[in-house]
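Asker: Below are the features listed in TrEMBL for this protein:
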type	residues	note
DOMAIN	43-81	domain 'Trimeric autotransporter adhesin YadA-like stalk'
DOMAIN	99-140	domain 'Trimeric autotransporter adhesin YadA-like stalk'
DOMAIN	191-217	domain 'Trimeric autotransporter adhesin YadA-like head'
DOMAIN	219-245	domain 'Trimeric autotransporter adhesin YadA-like head'
DOMAIN	252-281	domain 'Trimeric autotransporter adhesin YadA-like stalk'
DOMAIN	302-360	domain 'Trimeric autotransporter adhesin YadA-like C-terminal membrane anchor'
REGION	177-199	region 'Disordered'
C-alpha cells in the first residue's frame, strides 16, 4: 500500500505508478508542513514554478521577481540616500516624471514644482517683460524737458509747455480705465465700458459709449450721458443732469430755440406755444358762443298760427357775451307748414335754415 502510494500521509491519487496528484496529509488536520530535520532546515528540491495564487514559488521565480523590481524601481544613488538619478546611476537619457502634485511655494519649501506652476511663472515673466519693454519705449520717447531713460534719474529742470495746461489734485485711489478704448480721469474714477469716458473724482462710466462728467456722476446705460456732480443716467441712450432718486434736479439754461422735430424747446417757445393755443381756444369758444346765440335767436322766431296765414318774424338771442339777430318767414298752406330763417351774430358768422311740415 505504501509503495503503491495508497496508504500513509503521502499518497498519490490513483495509486502508483500513476500520474495523479500527490497529497501530503490530505486526510488529516493541521495548517503547516514542517520539513525540519535533526540538523536543522531542509531544502525542498525539484519545485516546479508556481502558477495558482496558493502555489509555492521556486528560487528561479523569486530571483526573476527581485531582478524585475531592481530594474524598474527608483532607488537612491548611494547608501547615504542623498541623491536619486531617474533612469539609474550614470543614466544619460532624460526621463519624464508625471503626476507631480503642485508644490507648496514658500521660502522654506523643498517641494518639487510641476509643469503648470512653471507655466504660470512663465506667463508672469512674459507679462513683466512686455511691461518693462513698453516702459522702456515710453522712457526713450520722452520729449524735451524730461530725462532720457538711459540717463541717471534727475529732477526735470523745466516744465514742457504742453503740461502747463493740465493739472490735477487728489488724495483718492488711482483712476481706472478698464474698458477698451476708455478714458478715466480723477481720483477713484472708473471707465469700465467700451469707449466710455469718466471725468471727476468718483465718476463711473460702465455702459458702452457712456460719458460721466462730474464728481460722483454715474453713466450706467449704454450710450448714456451724466452731466454734473452726483448725476445718474441709468437708462440706455439717456442724458441726465441730476438724480431723480435723490430728488436732485438742475435747470438747463441758455437753450436755443429748437428747429428740428427732435430739438429741445426753451421756455419762451413753450410759453409762446401755450399762449397761441390759449388764444385759439378763446377764439373758438367765442365762435361757439356766437353760434349758440344764433340758435337762440332762430328758436325765438314765431311761425304762422293757422291755415292760410303767413308770418314774417324777427328774433334776437344772446349767450355768454355774444348776441345774434334772426329773421324768419313762415306760412300755413293747407296741410303744409313752410318755414325759412337766417341769422347773424356778433362773431360775424351767418346761419340759415329752411323747414317743412305736413299736418293731418
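Just so you know, glycine gets a Cβ as well, placed from its N, Cα and C.
Context for these features, please: burial, neighbours, distances.
Answerer: Summarising model confidence by region, the domain 'Trimeric autotransporter adhesin YadA-like stalk' (43-81) averages a pLDDT of 81.
Residues of the domain 'Trimeric autotransporter adhesin YadA-like stalk' (99-140) grouped by DSSP class, helix first, strand second and coil last, total 26 helix, 0 strand, 16 coil.
With a cut-off of 8 Å between Cβ atoms, the residues of this chain six or more beyond the domain 'Trimeric autotransporter adhesin YadA-like head' (191-217) that come close are 170, 172, 175-185, 223-233, 236.
Residues 193, 196, 198, 200, 204-213, 252 of the same chain, all 6+ positions outside the domain 'Trimeric autotransporter adhesin YadA-like head' (219-245), place their C-beta atoms under 8 angstroms from a C-beta of that stretch.
For the domain 'Trimeric autotransporter adhesin YadA-like stalk' (252-281), the list of distant contacts is 241: same-chain residues at least six beyond its ends, Cβ to Cβ under 8 Å.
Across the range of the domain 'Trimeric autotransporter adhesin YadA-like C-terminal membrane anchor' (302-360), the DSSP-based residue counts are 0 helix, 41 strand, 18 coil.
Secondary structure of the region 'Disordered' (177-199) per DSSP (helix as H, G, I; strand as E, B; remaining residues coil): 0 helix, 9 strand, 14 coil.
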